[in-house]
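Asks: Pulled these from TrEMBL:
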type   : residues : note
DOMAIN : B:34-95  : domain 'HTH asnC-type'
REGION : B:1-25   : region 'Disordered'
There are 2 protein chains.
Amino acid sequence: MPRIGKPGGRRLAEAGAAGGRPRGGAGAGRFFAVEAIDRAILTALSGDGRLSYTDLAERVGLSVSAVHQRVRRLEQRGVIKGYAARIDYEAIGLPLTAFVAIRPIDPAAPDDAPERLSGLPEIESCYSVAGEDFYLLLVRVKSPSDLERLLQEIRTAVNVTTRTTVVLSTPYEGRAAPVGR
Amino acid sequence: MPRIGKPGGRRLAEAGAAGGRPRGGAGAGRFFAVEAIDRAILTALSGDGRLSYTDLAERVGLSVSAVHQRVRRLEQRGVIKGYAARIDYEAIGLPLTAFVAIRPIDPAAPDDAPERLSGLPEIESCYSVAGEDFYLLLVRVKSPSDLERLLQEIRTAVNVTTRTTVVLSTPYEGRAAPVGR
DNA sequence: GGTGAAATACTTTTCGT
DNA sequence: ACGAAAAGTATTTCACC
């Protein structure tokens, strides 16, 4: 599986490689130090998924080959599930974001809502939640009338009641994960 | 690393024409077709942010140079806000996700909650919402006790009441945007 | 605005230490 | 984990459509 990337090390502020790292001795890798480096890698890639191995190595204070090996392992273990471009939804004509809480009309009915709703691309995320609601959906649409249509589609697909919370603005979203806290 | 060389280097390139339509020749000046290609690019990069220009060009049916130019323009215009690795939060020791709705105790107080809360890295996203609550926060923590601590920190930082909804599981999250609908 | 190709530099990958 | 070489891409420029 060829890992492609584009040259483009984004140079950002120096985060500083986590803590002291054992130099010299070949296999002196302590569990703690190892974990710290992986966390540094994940934090960096969480902020800029297109960082090159060269820049990544520079940031975490390791050689390119070592960083490459670690990233590969993280991808393989599923810690890194993939990479995605972060898109400005307003710019692409989807200025309306909303949370839709759904609750089954018949609580005894089989619960396959996520599957049934997965066909609606307007639903970006689906969370199973504790509390009175069953699921919380994050949706992106073009307009209020599109939201209305989507809500009808949801209710049609899974026999539920919906409670919608419109997002007015998004101060920040999808910030880097607090890896290593 | 002085890489201000002419070719090959990476940084910096001029914008070129911002808003023009294709002239004669192949492009018959269709605004629609142009938009469609950009949408295709965004959809592809939304699904795999590390796609090479070669693969991208193949997918959208354009030359590498043209795709490259379009991607750069999308990045420059802010349509593509960046790239990020998608991380498995459970794998990195943050198995607990929750939504925290906050409401000011004193509705008349100045509202600078997003700024005041931005220092808490456990808060991944902050949405300003319509309804009884003021903001909805998406948080990731290690354990219930960490969630308790975070809630206290939030209440300390911005004099609000909190209402927390714990996420039990996440059927799907961060799916590709429905660009072009 | 698009194509195709060529020149150059960087990244990714593998291999030996 | 390191270092270096090999293979693969990205970036830019140019001429032309």
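Positions of Cβ are set from backbone N, Cα and C atoms, glycine also.
No curator has checked TrEMBL annotations; they are predicted automatically.
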Asks: Helix, strand, coil: count each for the residues of the domain 'HTH asnC-type' (B:34-95), based on DSSP.
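Replies: The domain 'HTH asnC-type' (B:34-95) comes out at 36 helix, 8 strand, 18 coil.
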Asks: In the predicted model, what is the mean pLDDT computed over the domain 'HTH asnC-type' (B:34-95)?
Replies: 91
